Amino acid sequence: MNQAPIDRTGAWQRLMEHAEEMRGAHLSQLFVDQARGSAFTRRAAGLTLDLSKQRWSDATLSLLLDLAREAGVPEGIQALLSGAHVNVSEDRPALHTALRLPPEASLLVEGEDVVPGVHATLDRMATMVERLHARQWRGATGRPIHDVVNLGVGGSDLGPLMVTHALADYRPADAHHVAVHFASTMDGSQLADYLTRFNPETTLFVISSKSFTTIDTLSNARTARDWLMARLVEDGKDVDEAMVMRQHFVGVSAKPEKMSEWGIAEVNQLLFWEWVGGRYSLWGAIGLPIALVIGMANFRELLAGAHAMDEHFAQAPLADNLPVLLALAGIWNVNFLDIRAHSILPYDGRLEHFAAYLEQLEMESNGKSATHDGRQVGYSTCPVLWGQLGPNAQHAFYQLLHQGTQPVVCDFIAPLTRYDDVEDAATRDHLMAQHRLTLANCFAQSRLLMLGDDAIDEPGERPGHKRYRGNQPSTTLLLDRLTPATLGALIALYEHKVFVQATIWGINPFDQWGVELGKQIAGETERILAERDGLDRMDASSRALIEAVWRAEQEGER
Ligand code: F6P
């Protein structure tokens, strides 16, 4: 791919000129147009996307759509969905969308239909889930498994963690026998806690790692294996190591040979493919913890919702295409209004882990500065993205959003309906009132961020510390209700947004070379720390830090 840098195109230049005109505009003036709300709102797959509080106009959007066409977004979408090698640096497709194709579909990749393999894996997951829910999966001593601990990090943790939390209400009755937990940190913090509380006889570990080389996950896995062996084999419970491996470990990876080498029994290996990126992988075997919590039928609903968004992405005209519009709003903010901070603010406690999930999805995908042909970009790419539950963030960092010096764009996310199915009438009324209160806060905050002082009618001048300048842009995303299907659509919306932005910026959203060198240097540092040798290769700061550890160790030994 050797096209002109995007910032040299006519569309980009026209947007630069247009941005000069728009820079002085305040959102409160733009809202003089009463039709603005509906003009910038679109719906698809159970989601409503309101982009009217973006600091843009019809003319802006039209120029951005020109930019998308000039960058080849329609061709990019087609290439992504058809299995072309869009992951250029690793020369392979990025086919997470294939994981949610219905069984009757077909998709040829290098001459082979990948859909039957996808559904064969789903069927194997279903069998495991059924066995665990039916209390038929027994530990080495014959007791049914009660606790399942997912050992994984990054894409092998954040997606399943986020979705299991978001959809915990969808737990089917038979899933209550199994409790699902997550341990990701390399320091063993979460795992150490589990090992003090769980019974080894009834605990199963799922080792989730696409590469099966990630040190964080493998260190946790080794600790878990030794714990089980010490408690079950060495304690004389009449079980052998092979039984423990077979009854207490499942592996999920794209590397079957590495799983076998580690000791995972072949029947307990769930596979996925190199063409599924780690942070795009919750839709298949990596989603096993999700299926364990919500059941396989709801898991398939999650896939169906994502597939509905894929279909919309493939077919809707650019001007009505939710992922494209969301991406263009981001491009406008970062590249033309110079807004480089982006906050994700769900107004629903079930989406507690959504911001952390998006941090990886967006920043690991698009936190890049080299184009496909190796040039350094001359423009900004992914903004700094962070977030928290909106109502809690109101009591934490909204001060900065309202009165700080940084322009920040916010995504407000909320379900329209909640709690209407609570059985007890009095509790239902209370909870529905709490939901209304939460929506009121969500809408009030985006309005205040937009209008500033103009949001209230208060006569007279106010001192500087009580003034709100407003004009902070935001997006509001409403889910009809939070269900497996709408959550699937929401996640797919952001996945595709990331792809559209990467296409415009000319970068590869599917690799992550920026994290590799750190792993190598950490390995070297660990060797120096352990062997107490090689310090002379270190800089003065690192030397002092390492020496502090050695001193602490010596004091501990005394
Ligand atoms: O180091 C970054 C990364 O490779 C992520 O891209 C990935 O999601 C995570 O580590 C875990 O990788 P794996 O699933 O191979 O253990």
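In case you wondered, yes, glycine gets a Cβ from its N, Cα and C as well.
No curator has checked TrEMBL annotations; they are predicted automatically.
Going by TrEMBL, these are the annotated features:
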type     : residues : note
ACT_SITE : Glu364   : active site, proton donor
ACT_SITE : His395   : active site
ACT_SITE : Lys519   : active site
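DSSP classifies Lys519 (active site) as helix under the three-state reduction. Rounded to a whole number, the distance between the Cα atoms of Lys519 (active site) and the residue listed as 'active site, proton donor' is 15 Å. You'll find the Cα of Lys519 (active site) roughly 37 Å from the Cα of His395 (active site). Summary: among the active-site residues (His395, Lys519), the fewest other C-beta atoms within 10 A of the C-beta are counted at His395. The number of other Cβ atoms within 10 Å of the Cβ belonging to the residue listed as 'active site, proton donor', over all protein chains shown, comes to 22. In this structure, His395 (active site) belongs to neither helix nor strand by DSSP; it is coil.
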